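Over in TrEMBL, the protein carries these features:
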- B:16-33: transmembrane segment (TRANSMEM)
- B:40-60: transmembrane segment (TRANSMEM)
- B:98-121: transmembrane segment (TRANSMEM)
- B:159-180: transmembrane segment (TRANSMEM)
- B:213-237: transmembrane segment (TRANSMEM)
Amino acid sequence: MVHAFLALLICQLAGEALTRAAGLPVPGPVAGMLLMLALIRLSARMRDLLRPVAETILAHLSLLFVPAGVGVMGHMTTLGSQTMAIAAAIVGSTVLAIAAGALTFVLVARLTGSGDD
Amino acid sequence: MTSLADFWSYLSEGPLVWLTATLLAYAIGDACFRGSGRVPLVNPVLVAVALLAGLLFVTRTDYPTYFEGAKFVHFLLGPATVALALPLYDNLGRLRRALLPVLAALLAGSLTAALSALAIARAFGVGDTLLASLAPKSATAPVAIGIAERIGGSPTLTAVLVILTGITGAVVATPLLNLLRIRDWRARGFALGVASHGIGTARAFQVNRTAGAFAGLGMAMNALATAILAPAILPLFL
């Protein structure tokens, strides 16, 4: 478990270093994810090591957003008179974006014959 | 009574109370979610945040004090993002076969998110700073904040909009996608990850592993797409 966590942290650290050094517009952890992907493709041992820890963390991924969510609550008042406009923009755009993304995916999958197994 | 007050002031100095409260609030939120028969509106994050916000208000605790304890949980977001490599690996074959649908859905989802948010806000007569903060809100928080700063938005406001977008996506996705009769887990997950980043991805993992893997992928790809698209789209609305 310690080794798996160490591997996660090292990939994140390498990702942070890489994105900063190269000035990439992606966050360090996302670059770290790609590094980890390369690592577990190469090593079955790494894969087995990572699996239990990764599955535990990802099963409770929602929990990790709670502190940031509480921070948002404190700023709700700063939205002030524009609360309605923001609520409409957020809800409207999120509904439209999910619908557009999913419908496009299904349509292109059908056109290119790349259905799921 | 004095000793109780002393004990409280001693405890509230350290991270223990608020770390415990964060985990407890989430455990309650998760229990509510399961107890409700997994109704999306009873989102564990939403319940936990509401409980904690109430508790902070009642105990007159400010956010920095709360965050002293909660930061341990918050910190795990980075390693958790790295851990998304595993479900991605498990779905690599699927992903290769779905390359074109993935790219098309990324473009459609990312463009729709930014364009429709700006169009709706503009219709309400929203100001330029708010528009600039709104444009990158579907990207994961660190990326969205970086973009917003570059195009004249407010970092704090962007953080708020990003979280609200995530929670909205997590709550509406299941009923919306059922209504659209989309049964492909890849499409459902990917669209949610693109529109609602990590919070959407967390929601996708609650429903289906394939959906979760594709949501994580959508989040990662939209971080990049938003960095390119948002600065290009914003000037159309200023």
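Easy rule for this one: first residue shown is 1, then count along the chain.
Backbone N, Cα and C define each Cβ position, glycine as well.
Caution: TrEMBL annotation is automatic and unverified by curators.
A quick note: this is a predicted structure, and the numbers were derived from the prediction, not measured.
Taking Cβ pairs closer than 8 Å, the transmembrane segment (B:16-33) reaches residues 39, 42-49, 51-52, 55, 61, 65-70, 72-73 in its own chain, all 6 or more past its ends. Of the Cβ pairs linking the transmembrane segment (B:40-60) with the transmembrane segment (B:159-180) and spaced 6 or more residues apart, 3 or more are under 8 Å, so the two regions touch.
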